[in-house]
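Record features (Swiss-Prot):
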{"type": "REPEAT", "residues": "97-124", "note": "repeat 'LRR 1'"}
{"type": "REPEAT", "residues": "179-203", "note": "repeat 'LRR 2'"}
{"type": "REPEAT", "residues": "204-230", "note": "repeat 'LRR 3'"}
{"type": "REPEAT", "residues": "231-266", "note": "repeat 'LRR 4'"}
{"type": "REPEAT", "residues": "267-292", "note": "repeat 'LRR 5'"}
{"type": "REPEAT", "residues": "293-324", "note": "repeat 'LRR 6'"}
{"type": "REPEAT", "residues": "325-345", "note": "repeat 'LRR 7'"}
{"type": "REPEAT", "residues": "349-376", "note": "repeat 'LRR 8'"}
{"type": "REPEAT", "residues": "377-401", "note": "repeat 'LRR 9'"}
Amino acid sequence: MSIRTPPRLLELAGRSLLRDQALAMSTLEELPTELFPPLFMEAFSRRRCEALKLMVQAWPFRRLPLRPLIKMPCLEAFQAVLDGLDALLTQGVHPRRWKLQVLDLQDVCENFWMVWSEAMARGCFLNAKRNKTPVQDCPRMRGQQPLTVFVELWLKNRTLDEYLTCLLLWVKQRKDLLHLCCKKLKILGMPFRNIRSILKMVNLDCIQEVEVNCKWVLPILTQFTPYLGHMRNLQKLVLSHMDVSRYVSPEQKKEIVTQFTTQFLKLCCLQKLSMNSVSFLEGHLDQLLSCLKTSLKVLTITNCVLLESDLKHLSQCPSISQLKTLDLSGIRLTNYSLVPLQILLEKVAATLEYLDLDDCGIIDSQVNAILPALSRCFELNTFSFCGNPISMATLENLLSHTIILKNLCVELYPAPRESYDADGTLCWSRFAQIRAELMKRVRDLRHPKRILFCTDCCPDCGNRSFYDLEADQCCC
């Protein structure tokens, strides 16, 4: 039978304080700083709204990381916090202990509450003070407003959740008294008229990461384009499932693509660009690449249709010479010359760490073109080549060229064509024999950290199975 540790005197005193309906600001003025976080959590979870209002006004830290607490269904408590902030923003004389400058609603703040909770349990507050997370400021608005509100916007439903609705309404009514700072914006499904009203409330200069994944057609993209051009500190842009409407003529398509790509001329901080299933890139990649103003660290173009001329323009783009990540998976290259890809790999050989060429349809006759350049990518730590129908001989040749890449930690290759029957079914006994042969040859050449071989996609579930050189079971 376990024996529960009795509550410490400080805990008992704090709980008694919360039960006091006549809690006064003068009482909080004398409350030890270390009691504020655990008591605030207690008040929030128990919906002690009047106590919350006063505790916000007397908060002894510059930052209030509220996001972990609003995961609890406590809209009433959340509103009480906003009411407390109202008092701070509108009253002329602030409480003596008032330090609050940042209301942090980003999804990265749980450590603050964990540290202070453990300190309360152990009675060791000195370590908690040492482990405080540094306040994240917004340099753009420093000194202009008394309060900055950090928020991450995930627009994933037709309507906003009740917390975000409550917050944005509150911000809208007090826009001259605070600064709303959004660094991460995800649009996963919402009518654009709703998105527009939210973007008008946010300082677009603050946004550093944008992800759009909601099957937009080009006419909708044109409505978003002007906002993109104002995100001058944008570092990461992810676009997925952008389609060309059948009602858009080739002339209209060219005009829309031009409007969109010219916005990149204003993005002087962009480092990561990812585009998945973006159909308007075909024949227009040069327009986008010519508007890039920075050297990219990450470039992902996946499951798109590109012309051979697009690949040529990519290999000639000056903004890709310092890439660390290159992902071209799902780009069909079967009937193309891979000389542009060879030139591209030569350009990024000094910096490239991650290369994904899955499902590009690369065949035996094409592989030799990229081998010399690939073998000079000495910083490469991950290489994936799954889904390309190559023979055993070509696979062995490929492995012999990657042998000198000493930083290579993870390698993924397709099961060679000899592993399959004429109807495309994997022959397990033959595959096991091939793996044994490959294991011997690879061990003779080097000691790889991890090599996996993958089968073709299952016609029933659509998934692949992965096997290492020795295991008989799947390594998924």
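Here the Cβ of each residue, glycine as well, is placed from N, Cα and C on the backbone.
Of the Cβ pairs linking the repeat 'LRR 6' (293-324) with the repeat 'LRR 3' (204-230) and spaced 6 or more residues apart, fewer than 3 are under 8 Å, so the two regions do not touch.
Secondary structure by DSSP for the repeat 'LRR 2' (179-203): 8 helix, 9 strand, 8 coil. Sequence-remote contacts of a segment are chain residues at least 6 beyond its ends whose Cβ falls under 8 Å from one of its Cβ atoms, and for the repeat 'LRR 8' (349-376) they are 321-334, 337-339, 341-343, 382-391, 393-394, 397-398, 401-402, 404-405, 407, 412.
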